[in-house]
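According to TrEMBL, the protein has these features:
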{"type": "REGION", "residues": "63-99", "note": "region 'Disordered'"}
{"type": "REGION", "residues": "105-124", "note": "region 'Disordered'"}
{"type": "REPEAT", "residues": "164-205", "note": "repeat 'WD'"}
{"type": "REPEAT", "residues": "206-247", "note": "repeat 'WD'"}
{"type": "REPEAT", "residues": "248-289", "note": "repeat 'WD'"}
{"type": "REPEAT", "residues": "290-331", "note": "repeat 'WD'"}
{"type": "REPEAT", "residues": "423-464", "note": "repeat 'WD'"}
{"type": "REGION", "residues": "457-478", "note": "region 'Disordered'"}
Amino acid sequence: MTAPTMASELPVEPQSFKKLSFKSLKRSLDLFSPTHSLLPPPDPDSKKIRLSHKLHVEYGGIQTVSNPPVKSSLQNQVAPSNSNSLVLSGSTNSEKTGAQSDLAITSHQPKNLGDGNKTGKSTAVIPARGTSERNLPTAALMERIPSRWPRPVWHAPWKNYRVISGHLGWVRSVAFSPNNEWFCTGSADRTIKIWDVGSGRLRLTLTGHIEQVRGLAVSTRHTYMFSAGDDKQVKCWDLEQNKVIRSYHGHLSGVYCLALHPTIDVLLTGGRDSVCRVWDIRSKMQIHALSGHDNTVCSVFTRPTDPQVVTGSHDSTIKFWDLRYGKTMATLTHHKKSVRALAQHPIEDSFASASADNIKKFSLPRGEFLHNMLSQQKTIINAMTVNQEGVLATGGDNGSLWFWDWKSGHSFQQSQTIVQPGSLDSEAGIYALSYDMTGSRLVTCEADKTIKMWKEDENATPETHPVNFKPPKDIRRF
């Protein structure tokens, strides 16, 4: 009887699954433990393919130079379809020579260049098998991919050209008239002052609030101006009579922000009662109370299409609202701190939100996160605005005024406001800012009771003020 039949007739000892598992583990350990801490041995074929691919991408062609003459290696080449084809030659000879063979990189150049180089090719030799098998200079061979981050558009730096003092308290809000002839400011001295844009002279002072005026808006459809303050009041001023003609009652605490709908006669106000209220301008009726935030609603803007209302809150969220039903459409939870300022781009379907942690850009109408601004202002940002040329301005609680390129998120100017004489350095704070209708002048409202006007420097050129921009290496996706 043969040996296989004898082995098959022997009784098999019954073994438990646990015992078999341990046997398998021991066999695997005995197999791999001697080389457990060692790197796997280099594979010459895979290394050759890897190097050949990288050299092909970088230089457009590869040849293996060995002891045989050039003619014999040219016979083994595959006819390339173009000048950037991959050419591997003399592979059998290179395998025989072993560590003594070298890789030659052939890059095609114009025939006219070089002294005595009639073939128009330059060759760089790289050792294929050196003393360190795994430490090849792959960084020199890798294809350099250019950054896809958009380069910032050059903008002229902005300079302060006028300081207006007239208020007796912090200046908290600003709004421009549709004809760009005047602008109004609201202050902690409980007054609203109207100033001439061209000369900066005071035109009018309106009194009526009993607390600081936190929000202002001028209607493009009527001769009305709207104001909101810490006294829970929202007032409608008729600028033909210069007096209050309507008041909107309903807020349970101070009103912090105000916005007018661009196409319908609707007013939106947000305040410390965590509610954004929608008012009918003519009837003074409250249409909706957009409730859903857990803290103060401190910023709001409106659009003609859905989402028609966007609010930012101290609960660090941004909400999109359906104006027809008064319901939340979406909630953005990207920020970690209070969203004190929102700015809608006048042309693009996008907006920016400012918080103490970051300035973020979102698309509209879906609210997809686009990117963070590339720097951090490292302060509480109270106000933000953007003009048609894509210059975003942000004002901080410490008096910092930063200008950003909207497209790339690059901060091209970081300026600091100067307090007026007699003020404390701690009063360098910017509470509100706005561009005029042309986007060529900027007005900032500050804690030293002044209003400052800014414009672009006419003498600046890209040569005198070059863009110092480095593309970001690690881009945060949240």
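Yeah, the Cβs are placed from backbone N, Cα and C, and that goes for glycine too.
Quantities reported herein were computed from a predicted structural model and do not represent experimental measurements.
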### Task
Report, as numbers and ranges, every residue of the chain located at least six residues beyond the repeat 'WD' (164-205) whose Cβ falls under 8 Å of a Cβ in that stretch; write 'none' if there are none.
211-220, 225, 227, 229, 237, 242, 420, 429, 431-438, 441, 443, 445-447, 449-453
## Note on the structure
DSSP composition of the repeat 'WD' (248-289), residue counts helix/strand/coil, works out to 0 helix, 23 strand, 19 coil
## Note on the structure
Taking every residue in the repeat 'WD' (423-464), the average pLDDT works out to 96
### Task
Provide the three-state DSSP residue tally for the repeat 'WD' (164-205): helix first, then strand, then coil.
0 helix, 24 strand, 18 coil
